[in-house]
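Annotated in TrEMBL:
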- A:Cys69, A:Cys72, A:His73: heme c 1 binding site (BINDING)
- A:Cys173, A:Cys176, A:His177: heme c 2 binding site (BINDING)
- A:56-141: domain 'Cytochrome c' (DOMAIN)
- A:160-238: domain 'Cytochrome c' (DOMAIN)
- A:1-40: signal peptide (SIGNAL)
- A:258-277: transmembrane segment (TRANSMEM)
Amino acid sequence: MSEKRLSLSPARFLSARRRHRSAGLVVLLFGLLAVGSAYAAFAPDNAVADNSAQSQQIEEGKKLFAVGCASCHGLNAEGGGTGEGKMAGPSLIGVGAAAVDFQVGTGRMPAQQPGAQMPRKPPVYTQAEIEALAAYVASLAPGPAVPAEEAYDVSKATDEQVTRGGELFRTNCTACHNFAGKGGALPNGRYAPSLMGVDPKHAYEAMLTGPQQMPVFSDQVLQPEDKRDVIAYLNALQEQKDPGGFGLGRLGPVSEGLWGWLVGIGALVCVAIWIGAKGVKAKGAKAE
Amino acid sequence: MSDKDFPPPVKYLDDRLGIGKIGKKNLRKVFPDHWSFMLGEIALYSFIILILTGIFLTFWFKPSMGDVQYQGSYSLLKGLHMSEAYASTLDISFDVRGGLLMRQIHHWAAVLFIAAMMVHLLRIFFTGAFRKPRELNWVIGFTMLFLGIIEGFIGYGLPDDLLSGTGLRITQGMIGASPVIGTYLNFFIFGGEFPGDDMVPRFFTVHVLLIPGLILALVTVHLFLVVYHKHTQYPGPGRTEKNVVGYPLMPVYMAKAGGFFFVVFGITALMGALLQINPVWLYGPYNPAEVTAGSQPDWYMGWLEGSVRIMPGFESHFWGITLSWNLIIPALLIPPAFVTLVALYPFIEEWITGDKREHHLLDRPRNMPTRTGIGAAFITFYGLLWVGGGNDLIATHFGVSLNNVTWFLRFAVFLGPVLAFWLTRRIAISLQRADNDRILHGLETGVIMRLPHGEYIEKHTPIGTYEAYELTARERKLPLEIGPETDDNGVRAPRRALNKVRAALSRFYFADSVQKPTQDEIEEAHAHGHGPGDEHEELTETETFHEVTKH
């Protein structure tokens, strides 16, 4: 039977099966193949031309990642285990370039040692390396991008914007970071770090990505102009001189009490001892 | 003395007011000299500074919660809506000449006022200056400390900034935790729902009129009683229970105390000028929806804050009622119990010792080892709660976990006072032994002598008579004896159980205290002490009551 069919000419073969129930599917597959091949023939050419620099950066980032990050975060940034069921580093798929720029740019990553929280320290990578790492992580899945410079540029902020930023700061940030951005304690050895000396870009990225213990303040919660105003207020706080003298660390009444006791009462007791030691020896004592 | 001695201006006043006689008697009033007697003065002078700077501040402060839009010169808050109280505090800080300096001096003086009262209280406690006839003056002083703390806390609440509002909110929570009456009490104090509009004007009246008036009246009584009782003095040559050895008020103490006032004012002014305190502009206006890390009260409320911070979160619910033990215990039970114990301490000690005599000679702390130990335990308890109030800053500044600090304190607050009591008492007893050693054997000269038969001895020289007087000018203190169960006629003694408790407490106070040597012991020691090769061990050392009753 098969021999008989094979002996048919191709045209007759097709014509004989044109009403076969799979015919439509086959035609569709041919069609898709044709369109796909045509697309592959033309479109990728442009893309490769545009992205060659970027793909090179991603490639470079991947290499840096494999050396500096993969031991904790896994070879493909899928997150790593310690072998004891503990997470050494979280998955970085979908965290976006902004998270990488913040963590590596503030020196928090690569981590020195495991702990309750990764402290800020001088960055290990150059800006170009950070960008490569960010590009690689961003290439894994979409996530928040590094903000453009005008997003956190507060040089032209008006007084109203700064004041508004102050209100937003007190509503959203002071509960952990303290009224003057000096930081505060969180449970189990974690803490909200001081915001003094933080690059505006990093402050913006922190709000955007919610690093470590911090909640995410997405663009729907704190809109980009809100974030910029908060940064403007922080900037003003940092530049402001303490009008009342030495600021005692801007930590609130605890440091004031410490100074009151150590310096105030300390000095006064010393003076009392001095006055007490200055007797009037010659006059003689009078009994009453 | 006839009135011809008075210079003309005094004579003029004496003729009309009769001040000459009063002055002549009181200006020559003698006060003993010791630095520790000047601690109360710091409190008095800080209070005067508080009144002076406070009057300045009332000229500009607007005690109102009416809403205004800030248009002053502090740009970071310009255009914000806030209460008049907060806006006027900003105006005092930035737009009134010298206003910020006055605010800061006022605040530092408040910090020092209460600290000085507390240091003064400790001096009175450890030297036994609260004993008869001064128990009531102790209570008056304690009341002033209590009022001062309330006064300070209300002052902290007046500017209506974020910090003070948060502090009042916590207070409102504590009051609200009182079973049954909490809500009513809050509505009574705040004039409705918190924060309401009445808070600042009400607190202002209490802060500038009611409490300062009360303190001023009590200061007067306190000082009058100091003059009436005459000042206590440390034991020393020529000093007895019946005299006061020292210098007259005029001119010595006029100069010393007057000079000290200016020193206190100077140091407070320096602090006000150089050290920033309560930067209300950084906190922003109070808004119940906001809070800041580092929200703490001023130091004197810190122990209350700590008491609440370290308390585990216990709560019970029944019949639709919630009892917040996490506030009732640390805020409504422990602090009042502790301060009541401190306030009543003179009466408690008097009952235990059964000592109803007048005392004008002070105790050296070592000579009352149990009292000194109790004082150390009180300080430790207070101090640990105080540390708890700053647990967050301890965690961040010493790089430790907040939870570990809290858990440490939960245990330390019970164990620490016991340890402090035991250690301090042991040290006091050892110091008593050292004193006796000095009296009996004299000073170690460091001169080593070799005797003809080869033995080495160290030469001792007897201490001077002045020092010997100081060391022995105290009483032998023995525990209270309770009589036999029944008298000769077989009648049971009244209040037997209570007296047993009292006798046990009295033994706790005195049984381990080292008694001073008797005359015989001293003479014997000195007679033997000079011969070479003398064996000190053979001497009967003065024992404690415990040691005597053992053999």
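Placement of Cβ uses the backbone N, Cα and C atoms for every residue, glycine included.
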Number of helical, extended and coil residues in the domain 'Cytochrome c' (A:160-238), per DSSP: 42 helix, 4 strand, 33 coil
Rounded Cα-Cα span from A:His177 (heme c 2 binding site) to A:Cys69 (heme c 1 binding site), Å: 29
Tally of DSSP helical, extended and coil residues in the domain 'Cytochrome c' (A:56-141): 41 helix, 5 strand, 40 coil
In the chain carrying A:His177 (heme c 2 binding site), residues 6 or more apart in sequence that have Cβ under 8 angstroms from it: A:Gly183, A:Gly184, A:Ala192, A:Pro193, A:Ser194, A:Leu195
Within-chain partners of the transmembrane segment (A:258-277) [C-beta distance under 8 Å, separation at least 6 from its ends]: 248
Listed in sequence order, residues not in A:Cys69, A:Cys72, A:His73 with Cβ within 8 Å of the centre of the heme c 1 site Cβ atoms: A:Phe65, A:Gly68, A:Ala70, A:Ser71, A:Gly74, A:Ala77, A:Gly80, A:Ala88, A:Gly89, A:Leu92, A:Met109, A:Pro110
Chain B, Cβ under 8 Å: which of the binding-site residues A:Cys69, A:Cys72, A:His73 qualify: none
Rounded Cα separation (Å) that holds between A:Cys173 (heme c 2 binding site) and A:Cys72 (heme c 1 binding site): 30
Intrachain C-beta neighbours of A:Cys72 (heme c 1 binding site), sequence separation six or more, cut-off 8 angstroms: A:Gly80, A:Ala88, A:Gly89, A:Ala111
Around the Cβ of A:Cys173 (heme c 2 binding site), the count of other Cβ atoms that are within 10 Å: 26
Distance, A:Cys176 (heme c 2 binding site) to A:His73 (heme c 1 binding site) (CA atoms, angstrom): 28
Lowest local Cβ density (other Cβ within 10 Å) among binding-site residues: A:Cys69, A:Cys176: A:Cys176
Cβ-Cβ neighbours of A:His73 (heme c 1 binding site) (radius 10 Å): 23
